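Right, one structure below, let's go through it.
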Amino acid sequence: MGLFLLDYGAGNVQSLANTLERLGRSFRWIESPSDFDDATSLIFPGVGAFQTAVDGLTSRGFLEPLRQYISSGRPYFGICIGMQVLFQSSTEGSAPGLGIIPSVIDAFSNEDKTVPHMGWNSVHLIDPQSMADEGLLDEALHYYFVHSYRATYDPEREPGAAQWVHSVAQYGKEVFVATVQRDNVFGCQFHPEKSGDAGLRLLDTWLREPGLARSGSQVQSPPSQRVPFPPRPKDGLAKRIIACMDVRTNDQGDLVVTKGDQYDVREKNENKVAAPDPSLAVAVTGGAVRNLGKPVALAARYYAAGADELALLNITSFRHSPLRDQPMLAVVRAAAATVFVPLTIGGGIRDTVDPDGTPRPALEVAGAYFRAGADKVSIGSEAVYAVERQRATSVADGNSAIETIARVYGRQAVVVSVDPKRVYIDGDVAAFDGPRKSELVRGSGEEEGKAWWYQCTVKGGREARDLSVVELARGVEVLGAGEILLNSIDRDGTGRGFDLDLVSLVRQNVRIPVVASSGAGHVSHFVDVFKKTGVEAALAAGIFHREEVQIDEVKGALTKAGVQVRNGSGL
């Protein structure tokens, strides 16, 4: 008897387990159909694709016991797919849902916005006078959403579904269902376990007695009182500030957070090699790996400081193979247990072979990190190779890391990290008639008269490929990536600001979210990149590690400039 968590075999359910432990709540996992009989309350933290979720429930024999559990009147809390499965069906797949809510889940339009809907958005209570709403949601706060499909709120066309709607959110011009509540059922499209303090409070409120036994306790407005919620001039989606930690082994074999200067992570030594003639002494560079702290400690610090997301990128080869790199897996587990905002892990997400010859597909590697507590995985060089194959054959083979992971976990779980560099045009720019003519950027100010295109690289920037950043960005979008992490080799570690030309170019050529990275050295650089490019998020590393700029300073400057951000810390 007690609280149970339902895991159908995909996605990061460990984050919810960590959240419940943080709240001091004991729980058990549903491991067999008979466990539903022992549950007095149930949380379904579904992550990934609708079809995968229903197939997973069916293959484990959980679908009908779940339906019977909800019908019994015992408390149910569905998160993301755990809410969507209550509906009749989804256009994301052919499998039917539970059919409890008479409506269909459909895809967001990307005509006026990027998809997935990814980030911190506000909610609006449909029935704010209901006393049952007290303590669950706060219209002044932001909650973390990450999804490509949604339920629309249309009380005139679907009055039966509308009476389930507890709150709505707006993305672009679309108003969609944020939470549902009726009798013993509560569900939310966002992730409370990744919504910082706001999410912790929601879960704690739902779990507290008598909130745990909610059957029949709510005052529901009749369908006739559900009125349309017309779109507002501006949605509530906040711009995201991401703290990134490049993790690698130092010369002593310990995992540390480091930061490169144009991808060089070793300290610059100015030691002189002795010579008979002092004027012939040679300066030697390449000292110890730059150590800026321990990854778990820094992650906790950034969470407390109000970072909207965290990224842990393993920038060196794994010690054995991704699945045998226990120190890195341990870092992810420890970080996920102390931070309650989204966590991205990168490095080694590709098809590999263990030293004993055992093949490890990228999907298996990603799954290990999701189970350890990661919410998204970042793919680098492998994405370049996949797009090259796609362009060579004009078709996607369905076997790339991007495709296999997105198919199971949803495209919102796949980030592609891009490492481009400028290639300047020699001679008369006006006469240039090369294959990237349409992608040329013409310089201004100090670079007046110059022009360049952006070439993609692999292997940490060490090898250039015959692929432009636009070709790569468009290609990974087709393959199923949900977000692009856009680095700049030219700006990395310089503190000169983001490469606005690069960010604008990619932002204009894809309909998925883009994260600007590399070059931030001042709070004004964040204001510039958001105001001048329309990018969804901005990432920084060194200036945060060295405490040259604080996250609250960045958000304060953005607020002053009229850029919408999530306020508050993670504590």
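Cβ coordinates are placed from backbone N, Cα and C, and glycine is handled just like the others.
Cross-referencing 213-232, 433-452 with TrEMBL places the feature region 'Disordered' at 213-232. Checked against N487 (substrate binding site), the recorded positions C80, D246, D419 differ in C-alpha distance, with D419 being the nearest. The two recorded residues D246 (active site) and D419 (active site) have their Cα atoms spaced 14 Å from each other.
Averaged over the domain 'Glutamine amidotransferase' (5-197), the predicted model reaches a pLDDT of 93. Between G348 (substrate binding site) and C80 (L-glutamine binding site), the C-alpha separation comes to 28 Å. The Cβ of D419 (active site) lies under 8 Å from the Cβ of G380, C456, T457, V458, G460, G461, N487, I489, each of these being in the same chain and 6 or more residues away along the sequence.
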